[in-house]
Amino acid sequence: MRNGCKEMERLLWDYRNIKAEIKNLELEIEASKENYEGLIAVSYKEKTAATNKFNSVVENEVLTRENKVLNLEKRKRIKEIQIEKVDNAIDTLSDNERRIIELRYFYRLQFKQISERLNLNETYCMQLKSKTLYKLETLVFI
């Protein structure tokens with residue numbers, strides 16, 4: 001099997017996990033936006049210095065939170081793009097091709113179970129899977 005097909009297989013095996021990661025990143029972004037601890041009582045951690053640099057706990061926390069949220073949103077968008085590419089590629093498949101990919105990678109069924117569900121020969125299902133992986137690979141990894 002070619003490297004691109006192996007990479008495509010890895011992406012398909014991880015499809016459901018990536019979707020869960022997107023939801024978890026959304027929750028983490030929401031939690032980060034809502035939780036500001038810097039707005040509390042006076043802190044004496046700040047040291048006075050001879051410079052005119054202004055430094056406060058609240059400002060530091062706001063900047064840290066904003067950077068964290070930006071990084072989380074960036075990671076989320078990268079994962080969303082991966083999923084959208086796979087979805088777009090799957091939309092181009094025939095019914096049998098799509099069902100084989102869904103049953104094999106999303107529901108993790110064996111080829112014997114897939115062939116029984118689709119009423120197709122097991123060997124044909126394996127061949128169709130290989131052909132379909134190549135087709136998906138050419139669309140996803142441009």
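Placed from the backbone N, Cα and C atoms, the Cβ positions cover glycine too.
Feature annotation from TrEMBL assigns coiled coil to 8-42. Residues or ranges marked as domain 'RNA polymerase sigma-70 region 4' in TrEMBL: 89-136.
In the domain 'RNA polymerase sigma-70 region 4' (89-136), the DSSP tally of helix, strand and coil residues is 38 helix, 0 strand, 10 coil. The average pLDDT the prediction assigns to the domain 'RNA polymerase sigma-70 region 4' (89-136) is 96.
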